[in-house]
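*Asks:* A single structure is presented below for examination.
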Amino acid sequence: MTDASYRDAIFSTPLDRVASFSFDEQVVACFPDMVRRSIPGYGQILGMLGLLAERHLRHGAHVYDLGCSLGAVGLSLAGRLAPEAFALTGVDLSPAMLARARATAETEAPRHQLAFVEGDIRELDYRASGMIVLNFTLQFLPPADRDAVIARLFEALEPGGILVLSEKIVAPDEQENAWLVERYHDFKRANGYSDMEISQKRTALENVLMPDTLAQHQARLQAAGFARVTTWFQYLNFASMVAFKERAGGTSTETADTSAGGDPA
Ligand SMILES: C[S@@+](CC[C@H](N)C(=O)[O-])C[C@H]1O[C@@H](n2cnc3c(N)ncnc32)[C@H](O)[C@@H]1O
Ligand SMILES: O=C(O)C(=O)C[C@]1(C(=O)O)C=C[C@@H](O)C=C1
């Protein structure tokens with residue numbers, strides 16, 4: 001990133017009252033450091049998105065990055081695909097995030113078609129797309145709004161298109177979940193967060209980030225019409241799924257990539 005990025009110290013001093021977490025200026029300023037130290041596998045997930053696009057995206061298709069923050073998903077795709085291979089629209093509610101996303105894209109991928117628009121992903125008028133990414137965004141929507149958003153994304157996807165959904169998750173078994181959360185806190189401590197920071201952030205995220213189970217995600221995706229859902233990544237209580245929209249005739253996604261050779265049969 002060329003933009004200035006600060007170390008996340010938002011919860012490093014004791015607060016009388018911990019306010020609910022929001023994507024304000026303070027978070028924007030330290031966001032790259034925050035996600036790197038707080039989301040297990042964040043860099044690996046981003047890296048894989050470029051590979052998934054290479055494999056599944058029709059040449060010239062449109063891509064949505066919903067809840068794009070600083071535009072990291074678009075930059076990952078731009079790192080793997082040629083400028084004419086896709087056009088991406090990043091959507092976010094936060095003007096401060098979008099301003100930095102635009103500036104970074106301009107510097108780091110000037111020839112790629114990366115646009116950023118302010119909007120609520122629950123209300124957007126979606127255009128037909130070959131790939132839609134929700135990288136740690138659905139978890140911030142009120143649970144009652146999630147089914148409708150996923151159903152609209154299914155409708156917006158072209159046959160053969162993919163939805164990539166990365167989320168913090170909760171395990172249905174209480175003991176398993178407690179273990180995962182404790183190890184997640186170990187992960188945060190190892191990345192330099194103090195117990196106080198971990199505890200205050202946890203309070204700030206209560207009723208703001210409400211994780212679903214993997215089974216809830218899978219059921220929602222299937223109810224929306226996705227023929228196949230694969231959990232391709234999990235690291236502690238963070239996971240990423242890819243959901244495939246079938247092509248007409250019932251076949252699931254085929255590769256858009258021609259470099260891997262033809263059908264061996
Ligand atoms: C954890 S961040 C996403 C990180 C980003 N996708 C990445 O890979 O770096 C969640 C983002 O979702 C945005 N957001 C939350 N609710 C939204 C909504 N209803 N519509 C659009 N954006 C939303 C927030 O402003 C925030 O930037
Ligand atoms: O810090 C945590 O506890 C998190 O859950 C990490 C998480 C996320 O999953 O989106 C929460 C808020 C920030 O946007 C960055 C990361």
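Every residue gets a Cβ built from N, Cα and C, even glycine.
Caution: TrEMBL annotation is automatic and unverified by curators.
Pulled these from TrEMBL:
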BINDING   Tyr42, Gly67, Cys68, Ser69, Asp120, Ile121, Asn135, Arg202  S-adenosyl-L-methionine binding site
DOMAIN    63-161  domain 'Methyltransferase'
*Asks:* Anything from the binding-site residues Tyr42, Gly67, Ile121, Asn135, Arg202 with its Cβ under 6 A from ligand 1? List those in sequence order.
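*Replies:* List returned for ligand 1: Gly67, Ile121, Asn135.
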*Asks:* Applying a 10 Å Cβ distance cut-off over all chains shown, what neighbour count does Ser69 (S-adenosyl-L-methionine binding site) have?
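*Replies:* Within a 10 Å radius of the Cβ of Ser69 (S-adenosyl-L-methionine binding site) lie 23 other Cβ atoms.
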*Asks:* Could you tell me how many residues in the domain 'Methyltransferase' (63-161) are helical, how many are strand and how many are coil under DSSP?
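*Replies:* Tallying H, G and I as helix, E and B as strand, the rest coil: 43 helix, 29 strand, 27 coil.
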*Asks:* Sort out the sequence-distant neighbours of Asp120 (S-adenosyl-L-methionine binding site) for me: same chain, 6+ apart, CB within less than 8 Å of its CB, listed by position.
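*Replies:* Asp120 (S-adenosyl-L-methionine binding site) has long-range Cβ partners Leu93.
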*Asks:* At its widest, how many Å does the recorded S-adenosyl-L-methionine site span between Cα atoms of Tyr42, Gly67, Cys68, Ser69, Asp120, Ile121, Asn135, Arg202?
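*Replies:* So the maximum pairwise Cα distance among the S-adenosyl-L-methionine binders is 25 Å.
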*Asks:* Of all the binding-site residues given, Cys68, Ile121, which residue's CB has the most CB neighbours within 10 A?
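*Replies:* Result for the most crowded candidate: Cys68.
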